[in-house]
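Let me begin by presenting the structure, written as structure tokens, before commenting on it.
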Amino acid sequence: MVEPANTVGIPLNHTALLKDELDIVIPTIRNLDFLEMWRPFLQPYHLIIVQDGDPSKTIAVPEGFDYELYNRNDINRILGPKASCISFKDSACRCFGYMVSKKKYIFTIDDDCFVAKDPSGKAVNALEQHIKNLLCPSSPFFFNTLYDPYREGADFVRGYPFSLREGVSTAVSHGLWLNIPDYDAPTQLVKPKERNTRYVDAVMTIPKGTLFPMCGMNLAFDRDLIGPAMYFGLMGDGQPIGRYDDMWAGWCVKVICDHLGLGVKTGLPYIYHSKASNPFVNLKKEYKGIFWQEDIIPFFQSAKLSKEAVTVQQCYIELSKMVKEKLSAIDPYFAKLADAMVTWIEAWDELNPATKA
């Protein structure tokens, strides 16, 4: 059985990488006791906590962490009418943290994710590995069979074009999970006791033109490169679907990264996912999405952005128009979602005005 790492006795990392350039975003409805396990790795960083649910409830944060906390009242106050684009009673509310951050990089983690152990028993500093992924180039245009050629002890294999070996900037680092896998409700129901015990020591670039199911529980990204596309959609309270927030963002992000020539990596780091959510509750949230995704994924696979779209915002607005045009026939929800995508960009630009050169 895989167990979380014990971090007691691990000294605080006083030489934390990118300490002043990275924010940690955590969505939650409960006290953040789980941060005690992460203290050696995360305490040097600034936290942005997005409180979901009842805003009158007090969320306790362990002493010693530098943080700001936003609840629904704060979101309404800061965004005004545009607050309608931020989901309620769903972890998709985390993307508000991306919007208010002023740092170059974001690491987001769920409050049921603990520190994993590598095969040697050493505690895994997930944030450090994410940073290494983001600071290292990606190779989306030609697959390297030795996985990430930029890692120590690896390189480009014979036959890899020299013209592509410089790589491109990495926009997204997608981490994985030990213990509870990130399964949908039907898979949970047929494999209720399955646990992921495999620790694969690999990082790879997802090839251009290939989509992936992005999970938001262990994720980092370059906010300057791709932040405006990291919108987790309209989910949860008042919406006909849930648990597709991170995947929606992932599909949009990958289309835009492919268009702009940016990279997405997946693999290391691992976290320990401590508990399985209720599959019957999940099935209610996912039910329509399970059917809709059979049309949504081909839509994203065929989506082509124009040459005029040279910024993430321009790409995202074009994508929102395609969503309204192509997906509204599936359900009126997608017209509402397309409008929310535009509202999100407007709110992003208001809080993050472009600086003049």
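Backbone N, Cα and C define each Cβ position, glycine as well.
TrEMBL entries are annotated by machine, without manual review.
Sequence annotations record features per position, and here TrEMBL assigns N-linked glycosylation site to ARG158. Spatially close to ARG158 (N-linked glycosylation site) yet at least six residues away along the chain is no residue at all, judged by Cβ distances under 8 angstroms.
The site 'Required for activity' annotation in TrEMBL covers ARG158 (among others).
Cβ environment of ARG165 (site 'Required for activity'): SER139, PRO149, PHE156 lie under 8 Å away, each six or more residues apart in the same chain. According to TrEMBL, the site 'Required for activity' annotation covers ARG165 (among others).
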